[in-house]
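Asker: The feature [4Fe-4S] cluster binding site is assigned by Swiss-Prot to CYS349, CYS409, CYS412. Per Swiss-Prot, region 'Disordered' is recorded for 424-443.
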Amino acid sequence: MSMSRGTLFDKVWEQHTVATLPSGQTQLFIGLHLIHEVTSPQAFAMLRERGLPVLYPQRTIATVDHIVPTDTLARPLQDALAEEMLQALEANCRAHNIPFFGIGSGRQGIVHVIAPEQGLTQPGMTIACGDSHTSTHGAFGAIAFGIGTSQVRDVLATQTLALNKLKVRKVEVNGSLAAGVYAKDVILHVIRHLGVKGGVGYAYEFAGTTFGQLSMEERMTVCNMAIEGGARCGYVNPDETTFAYLKGRPFAPQGKAWDEAVAWWRSLASDADAEYDDVVTFAAADIAPTVTWGITPGQSVAVDETLPTLESLPVAERAIAAEAYAYMDLQPGQPIQGTKIDVCFIGSCTNGRISDLRQAAKVVEGRKVKPGVKAFVVPGSERVKAQAEAEGLDVVFKAAGFEWRNPGCSMCLAMNPDKLQGRQISASSSNRNFKGRQGSPSGRTLLMSPAMVAAAAIAGEVTDVRAFL
């Protein structure tokens, strides 16, 4: 198949175009469809109403993540609605011969953690899932985006979607990250400067020497939060780091097929003369450990900065900043360091992988969680949990006073028992700090890297992780 020149986004889009619709939209073939228990039940119900089968069940993979409790594996689940949702997913997968990675299978976990670790996510794919953070999979050089329930139905029935093609913005970061600065800080820095709506209508191509130095798990963290900057998808061009990560994984090509796949994947990378709709550049040296202070992921500061005054902000941002200060009970001009913390959460599809847990464990080893602070670690998958336990990371965390949990989405969102209470404030390695996001209508969330969360747990307040390294 001949392939036009241009960006990876252009190439992958062209390869998966079925037709241009009268509306001007593209009918795009979806190579991999990931489903979970929250956004799939209604989609399956709509298929049943129409008497439609799942067209390509082998291109759909299911797991359970959002609603599972992390403190027990017992069935039935204590929450009757959660148990009903899980049973519905199990029944739908059986009825349509869809592979299901269930609790205790060794493959269950957060959908955006398990697909990459199983080798399901590969360069050049189009990937859809009824979940905002599907952009995670772009770390492999895939075009991946979240969809709604009606679109989940469309993919199940036709394996295609009707979509408007996005513009492409190159987000270039150059240089080496300093000690104590992580991928989470990179994406929070980018969103702070480009805005939570800055990427609307765009795909973000993350490029530059910094990304060449990042591991696949670090690239996943960045792409995961592209959506928080308004970009429906974000991606990194595949390279040797990508191929080394995928080689030998359960669903990766084997033998001769592997060699052919790698040759194909190499050709997908954006060409040197590719044209972009916009290009922005950042220097790694300007990025410090970063903490959100408000109610959007774009409201953040470096850990050694003070919170912005309203007058220092663009006029368009002042109203939501004032709203954030009132909700968070913080003051313009105060340092973010020293903000007291009640709960510390390490996990999520953003930062629940083995490298995240290793970074956090380095901080807590030989130290103790501050009395009065509730701290817990939720591995992103059963595979991550097993690997962490094989390395003794669970022992390190438990000795420090952290709770060691089972895999799931946990306190990232309010769909399971892990929730903030009242006005509690959390240091969280998750991706959203919206009002009420972590379960309490008045709960408050500060987003930061897993290592920064670990440092906050020890200090009982926001603190600079660099002092712990």
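Glycine is treated like the rest: Cβ placed from N, Cα and C.
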Asker: If the [4Fe-4S] cluster site is taken as the center of the Cβ atoms of CYS349, CYS409, CYS412, which further residues of that chain fall within 8 Å of it by their Cβ?
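Answerer: Counting only non-site residues, the set is ASP65, HIS66, ILE110, HIS112, HIS133, GLY347, SER348, THR350, GLY352, GLY380, GLY408, SER410, LEU413, SER430, ASN431.
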Asker: Helix, strand or coil: which one is CYS409 ([4Fe-4S] cluster binding site) in, per DSSP?
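Answerer: It is coil.
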Asker: Tell me whether CYS349 ([4Fe-4S] cluster binding site) sits in a helix, a strand or coil according to DSSP.
Answerer: helix
Asker: As a quick check of your reading of DSSP, tell me how many residues in the region 'Disordered' (424-443) are helical, how many are strand and how many are coil.
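Answerer: Helix, strand and coil residues of the region 'Disordered' (424-443) number 0 helix, 4 strand, 16 coil.
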